[in-house]
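K.L.:
This is the feature table in Swiss-Prot:
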- Gln19, His116, Asn159, Glu160, Asn297, Ser428, Trp429, Lys435, Tyr437: D-galactose 6-phosphate binding site (BINDING)
- Glu160: active site, proton donor (ACT_SITE)
- Glu375: active site, nucleophile (ACT_SITE)
Amino acid sequence: MTKTLPKDFIFGGATAAYQAEGATKTDGKGPVAWDKYLEDNYWYTAEPASDFYNRYPVDLKLAEEYNVNGIRISIAWSRVFPTGYGEVNRKGVEYYHNLFAECHKRGVEPFVTLHHFDTPEALHSNGDFLNRDNIDHFVAYAAFCFEEFPEVNYWTTFNEIGPIGDGQYLVGKFPPGIQYDLAKVFQSHHNMMVSHARAVKLYKDKGYKGEIGVVHALPTKYPYDPANPDDVRAAELEDIIHNKFILDATYLGRYSEKTMEGVQHILAANGGELDLREEDFSILEAAKDLNDFLGINYYMSDWMQAFDGETEIIHNGKGEKGSSKYQIKGVGRREAPVNVPKTDWDWIIYPQGLYDQIMRVKADYPNYKKIYITENGLGYKDEFVDGTVYDDGRIDYVKKHLEVISDAISDGANVKGYFIWSLMDVFSWSNGYEKRYGLFYVDFETQERYPKKSAHWYKKVAETQVID
């Protein structure tokens with residue numbers, strides 16, 4: 001049976017400042033930790049990315065032509081405050097006014113994120129969100145943006161608090177490149193959630209007319225053998241690290257007893273302790289019912305097996321299928337069932353996981369209000385042939401995820417939109433330019449855009465709301 005989506009459903013495309021804009025030193029933009037980190041550790045940099053800084057009118061015209069009626073954009077904090085606080089860079093501010101005006105001119109609603117992995121270098125090098133001073137700096141930056149950009153109707157505070165802690169302090173593929181420090185992972189999650197709560201409370205206290213929420217990456221975790229209590233426990237603990245800890249902070253305003261028991265178990269095995277203060281919980285509690293929406297980024301699920309050894313994580317950054325490894329002391333290891341498909345980067349393709357995650361949020365956090373799927377898509381080594389890409393694999397991936405969103409809506413979940421990652425090809429944090437996600441192919445040499453087969457398909461789905 002052909003499935004459909006509601007008439008008012010947003011069919012969006014997602015971007016992020018650092019991954020799309022390029023122009024990393026242009027018009028007074030301050031440095032971010034990624035600038036040097038990429039130069040020192042990777043085979044690529046964020047120049048020129050998709051040159052969105054100059055070419056946004058082209059991308060927004062394409063969005064309009066292909067029925068993409070929403071776009072995720074992030075403001076580069078260091079374009080507005082080059083050192084993270086203090087003096088405002090008016091050229092940066094002007095750029096975003098122009099960008100938002102172009103969005104509205106093209107009928108593409110901007111959903112604007114304040115922080116998408118790009119803390120200004122001056123603040124990142126003094127501890128990023130492990131340093132509580134930076135909570136204050138973030139809230140001041142948020143306050144400035146809320147006041148400066150009344151044309152923005154949809155705000156999100158952070159993109160993917162979970163993967164920031166994970167990338168910076170567990171896997172170590174994000175600056176500062178620290179590995180296996182679970183206490184820092186949880187402390188980063190917590191301090192960023194306090195920052196989020198303070199910004200949301202401020203937005204509501206000031207009476208701004210728009211909506212505000214947060215974007216969480218929520219990869220669903222399953223036990224490898226559901227009949228084995230040790231595998232079930234491994235999945236629960238892995239879920240706490242990546243999902244439950246931050247969801248509790250968002251919607252309960254505290255960490256449930258079960259969540260904290262799991263956190264203590266993980267820290268007992270790995271060392272370290274957390275600094276959780278009474279005033280933190282006051283603000284989390286005050287903000288828990290103020291979120292207007294939840295953004296869910298979903299790409300994959302994981303299966304967890306009991307494991308009794310030392311921590312070892314190998315990140316597959318080059319698309320060499322089967323090269324990744326993930327096992328955490330006191331938690332478990334990832335072990336995928338043989339019949340589940342994977343991408344070249346070992347990301348497990350499992351649309352049912354998105355359905356299960358949406359329904360989990362609905363069941364466990366009934367104050368969620370509404371959901372947007374703020375990122376979902378397929379990274380591929382696209383082959384450019386005859387001026388296009390015949391990306392049937394991407395179409396199939398997106399189709400199956402849209403179908404389970406339709407199912408979730410039928411089953412009572414309030415899901416209002418979907419943003420494909422990504423609108424056009426962008427640079428990928430730990431994979432560079434080889435891993436492409438866009439509806440529009442970008443020739444990074446010439447910066448020309450070419451619609452892929454998926455763009456034509458997505459246009460039709462957006463036009464008809466029929467998933468065909």
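The backbone N, Cα and C atoms fix where each Cβ goes, and this holds for glycine too.
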K.L.:
Please give me the CB contact count at 10 A for Tyr437 (D-galactose 6-phosphate binding site), counting all chains in the structure.
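P.N.:
Taking all protein chains shown, Tyr437 (D-galactose 6-phosphate binding site) has 25 Cβ neighbours within 10 Å.
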K.L.:
Please identify, among the binding-site residues Asn159, Asn297, Trp429, Tyr437, the one with the smallest Cα-Cα distance to the residue listed as 'active site, nucleophile'.
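P.N.:
Checking each of Asn159, Asn297, Trp429, Tyr437 against the residue listed as 'active site, nucleophile', the shortest Cα distance is to Asn297.
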K.L.:
Between Tyr437 (D-galactose 6-phosphate binding site) and the residue listed as 'active site, proton donor', how many Å separate their Cα atoms?
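P.N.:
About 18 Å separate the Cα atoms of these two residues.
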K.L.:
10 Å Cβ neighbour count around Glu375 (active site, nucleophile)?
P.N.:
24
K.L.:
Between C-alpha atoms, which of these binding-site residues comes nearest to the residue listed as 'active site, proton donor': Gln19, Asn297, Trp429?
P.N.:
Asn297
K.L.:
Where does Asn297 (D-galactose 6-phosphate binding site) sit in the DSSP three-state scheme?
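P.N.:
SS state of Asn297 (D-galactose 6-phosphate binding site) = strand.
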K.L.:
Within 10 Å of the Cβ of Gln19 (D-galactose 6-phosphate binding site), how many other Cβ atoms are there?
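P.N.:
Its Cβ shell of radius 10 Å holds 25 other Cβ atoms.
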K.L.:
If you skip the near sequence neighbours and keep only those at least six away, which residues in the chain come within under 8 angstroms of Trp429 (D-galactose 6-phosphate binding site), Cβ to Cβ?
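P.N.:
The list for Trp429 (D-galactose 6-phosphate binding site) reads Gln19, Trp34, Phe117, Gly167, Lys173, Phe174, given in order along the sequence.
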K.L.:
Would you mind listing, in sequence order, the residues at least six apart from Asn297 (D-galactose 6-phosphate binding site) in the same chain with a Cβ closer than 8 Å to its Cβ?
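P.N.:
Non-local contacts for Asn297 (D-galactose 6-phosphate binding site): Asn159, Glu160, Val215, His216, Ala217, Leu218, Ile373, Thr374, Glu375, Asn376, Trp421.
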K.L.:
Please report the DSSP secondary structure of Trp429 (D-galactose 6-phosphate binding site), reduced to three states.
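P.N.:
It is coil.
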